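A short write-up of the structure that comes next.
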């Protein structure tokens, strides 16, 4: 009951509908947030950081739109800003694509070869029949290629903006190489025509071969950029997971604190969880047992007396069990005795050894050697009840119901199931014990009509025995002995004022002879020793 009360304590955390714990809800939120993570946008994506691969124009353009708003905030004239608005992102991807850079590298190699042939023809190191006509064609082809390079540089400045172009040093160097290659060729062509040795200055264009690096990077940087984006996504997911971990850690700390409080409460109640779990498992077996204050324990045979005997022990919790406040003590106190909350002091441990008397079959003999029934109760309502009886030998197994004789006022009975095997046969008894047995057996057979004389004694109604058939008037001596017997019984019960245990009608002549034989044993059977 204390365990149930401890678990009925107010829970600081509200219950979640549907039986779903807060931990499960947090995990679901983490999964949803992880799924809803959008591709990470590139922040401060400069021109020099763009890849040179042939990527999807729409995706790349969306990545570059965030930089345009910052570019629009630059101070200066409008011509210094990138043109075409948001469409500039498409041109940026085109100018930085791997295909365009591969084409430019091929054009550089071609113009270098053409200019070298033209120079060899002009210095007459290469002679053939139509060499001058061929040199003129080479000159114009080289001029067109250099013009294409210059147009590409102007397009870069217009699309990227003058500031981004100037900030990128490698692009400034590339533009300078193009201008230095195109300007001498144009000047020599205007001054001397296509046949001029000054066209060799245009060979400086071969410095633009560095574009090969851009082609190589076009196949490496996309993979690198993709991995960086994946890393950024994992970093963002890691931040979310760290936040959820902090929340779960806080929940675990709160639950740990609550567990410590519950354990402290259980420690104050002196409860043992392991014992309570075992008691809960054994509860069905305990509940199936009969509710009785007494249990019958079959004792072994004595060396002196080789007779089977049944010992009735009162179920009292031991001192250690009473100190230990667990579920087993609760169950045993509930079914086997009064609880400590009732205010009634527990009686002392009582051991009763007696012979079982079958009230339904009075003809069956049951041997009883001697009987001492002391009972002393103090003035404060507590006392030690001690009952001692001699061991009895049972000639056969108990019947379906058997009653034990004792001084307990609750008049409890112990039952044993009939056994199919016959009990051990008793040994011959001494003559004195046989006489005592016969005397007590006659007395008990006369009392067999009332299964619980002590309870009848506590009844306020007057007790009377029906007179047996054919009985005659009894003598005054027998009535005097019976009154002495009842008076001694009343002296034994100093606390409870009870009526005589045995009340005989004046017409009982049969018991006169029985009490005469019992006179010598009256002191032993019915005397209450001072305890």
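Glycine is treated like the rest: Cβ placed from N, Cα and C.
As the structure is a computational prediction, the values presented were derived from the model and not from experiment.
According to Swiss-Prot, the coiled coil annotation covers 231-251.
The compositional bias 'Polar residues' annotation in Swiss-Prot covers 383-412.
Feature annotation from Swiss-Prot assigns compositional bias 'Pro residues' to 421-431.
Taken from Swiss-Prot, the feature region 'Disordered' covers 380-477.
Per Swiss-Prot, the feature topological domain 'Cytoplasmic' maps to 1-102 (among others).
When pLDDT is averaged over the topological domain 'Extracellular' (124-129), the result is 79. What Swiss-Prot records for 124-129 (among others) is topological domain 'Extracellular', and it gives a curator's inference as the kind of evidence.
Summarising the annotation, Swiss-Prot assigns topological domain 'Cytoplasmic' to 151-169 (among others) and lists a curator's inference as the type of evidence. DSSP assignment over the topological domain 'Cytoplasmic' (151-169) gives 17 helix, 0 strand, 2 coil.
Among the features that Swiss-Prot reports, topological domain 'Extracellular' is placed at 191-199 (among others), with the record citing a curator's inference.
Annotation comment: Swiss-Prot describes 221-531 (among others) as topological domain 'Cytoplasmic'.
Nonlocal intrachain contacts for the transmembrane segment (103-123), taken as residues 6+ away from its ends with a CB within less than 8 angstroms of a stretch CB, comprise 131-132, 134-135, 138-139, 141-142, 145-146, 148-149, 152, 195-197, 199-200, 202-203, 205-206, 208-209, 211-212, 215. Residues or ranges marked as transmembrane segment by Swiss-Prot: 103-123 (among others).
Taken from Swiss-Prot, the feature transmembrane segment applies to 130-150 (among others), supported by sequence analysis.
Taken from Swiss-Prot, the feature transmembrane segment applies to 170-190 (among others). Long-range contacts of the transmembrane segment (170-190) within the same chain, counting only residues at least 6 positions beyond its ends with a Cβ under 8 Å from a Cβ of the stretch, are 47-48, 139, 142-143, 146-147, 149-150, 153, 156-157, 196, 198-199, 201-205, 207-208, 210-211.
Residues annotated as transmembrane segment in Swiss-Prot: 200-220 (among others).
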Summary of DSSP states over the topological domain 'Extracellular' (124-129), given as helix, strand and coil counts: 0 helix, 0 strand, 6 coil
Within the topological domain 'Extracellular' (191-199), residues counted as helix, strand or coil by DSSP: 5 helix, 0 strand, 4 coil
